[in-house]
């Protein structure tokens with residue numbers, strides 16, 4: 001089998017041989033020693049350097065890291081050929097590092113040991129071809145693959161469900177029309193022609209660590225004749241509100257349909273999973289080419305869906321299996337926004353579940369974030385923020401100003417960048433800020449305190465103006481005409497000069513004495529004294545003669 005595979009063997013660089021006492025000078029160590037590991041097959045190969053010596057055998061030892069002693073390598077003791085199989089070696093792990101050594105022996109003579117560089121079996125192992133089993137339909141081939149290695153493989157024990165299979169298929173009549181595709185361990189090859197011979201080959205591989213195996217032998221098979229009742233075609237599934245709608249094409253009438261689903265991860269398990277398919281609710285015995293079922297039928301994940309047609313006792317083959325990823329089909333509903341003003345000119349925003357999906361919302365199946373658009377109502381400048389919280393606050397806003405907000409839901413860490421549509425826009429007016437309130441209170445208090453002072457000041461100024469410009473009393477016209485030479489304002493406003501007041505005392509109609517009284521700065525009132533007909537000499541005025549004349553004029557007018 002190894003010769004058929006033509007696998008590249010592992011070349012291990014030899015270390016410097018070390019020598020034990022040899023029984024013969026002509027017996028030399030083996031050369032070109034290589035180790036070939038394919039799946040669980042461990043093969044040690046070498047070339048003899050003592051062809052001229054007869055009856056030569058070879059023996060090998062091994063040592064695992066941490067061991068001090070060498071142990072005889074099983075299957076490689078006293079071998080007469082130039083290779084041996086040591087697959088029966090007991091290893092605790094295929095990740096352990098192993099050292100090998102080999103020598104030639106004849107009679108009592110031995111060659112020096114040839115020591116091989118240490119290696120880790122898993123790192124050096126190659127992936128062999130999978131076993132392939134085929135079944136034919138009219139337009140498809142069913143393929144069943146067994147993973148590389150034995151049933152109880154030690155090498156691939158941790159990777160049996162991690163293999164990726166690559167298949168090459170072609171019509172036997174034309175190898176130029178090759179199709180290459182990735183398949184599961186249990187899969188179907190669709191879009192083939194009835195009654196046609198197809199050939200294929202398969203190889204297995206691992207993505208991590210990256211390993212590529214060798215192709216299997218070529219297998220050929222004939223597809224069957226065309227089935228009398230065709231299979232449904234062109235399956236399509238879409239999410240609408242809280243339901244899925246499954247549609248398909250079919251040309252015949254008077255038939256019923258049924259649909260089934262399967263977890264995609266079962267395809268990776270190299271077992272028969274034909275009994276794992278489950279019926280889709282509301283998609284059994286339907287007479288239309290579509291059916292509707294609730295979204296909660298599927299949890300988050302990847303599934304396969306298939307449809308079959310029936311007509312009485314006759315049924316079609318199952319349709320091509322449609323791969324269905326719930327994450328790709330999920331519809332996100334727009335959130336419900338609630339906004340209200342709070343103190344200090346701030347707005348508190350709350351994000352709620354959409355009303356359409358309050359009962360187990362599809363939105364609840366995934367961790368969501370929200371894109372929030374916030375702007376002043378009279379401005380086109382928008383603030384775009386991402387929020388994981390459903391309750392947050394916009395602070396430091398303008399008092400008594402209208403702001404608007406809208407939001408949409410997005411799935412966090414979503415490689416497909418799905419999102420809902422934006423919610424309805426909600427607008428709200430901010431309250432007065434604490435600074436505005438403080439200024440308002442301060443203004444009111446200041447107005448209350450300043451009003452009495454302003455009122456009193458206005459009253460005082462008004463009295464002064466009235467006193468100066470609008471006196472309450474005037475002297476009689478008979479007296480006022482004698483003071484025309486001295487303006488009234490000079491009498492009221494002049495304080496820098498002494499003011500004199502002329503008094504007339506009439507003792508009898510015959511005698512009138514004119515008295516001049518000088519207002520001293522320190523006196524509070526004017527004094528008038530009665531005198532005799534003659535002048536006492538206390539009051540004098542350089543206008544005495546004119547005063548006498550004035551007095552005489554007054555008496556004359558009085559007599560009249």
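Including glycine, each Cβ sits where the backbone N, Cα and C put it.
The range from 479-519, 520-560 that TrEMBL describes as region 'Disordered' is residues 520-560.
For the pair residue 283 (disulfide bond) and residue 199 (disulfide bond), the Cα-Cα distance reads 37 Å. Highest local Cβ density among the disulfide-bonded residues 220, 404 belongs to 404, counted as other Cβ atoms within 10 Å over all protein chains shown. Here the disulfide-bonded residues are 84, 427; the one with the fewest Cβ atoms within 10 Å of its Cβ is 427. The average pLDDT for the domain 'Fibronectin type-III' (333-433) in the predicted structure is 84. Taking the disulfide-bonded residues 76, 199 in turn and counting surrounding C-beta atoms within 10 angstroms, the largest count is reached at 76. Across the domain 'Fibronectin type-III' (333-433), the DSSP tally of helix, strand and coil residues reads 7 helix, 48 strand, 46 coil.
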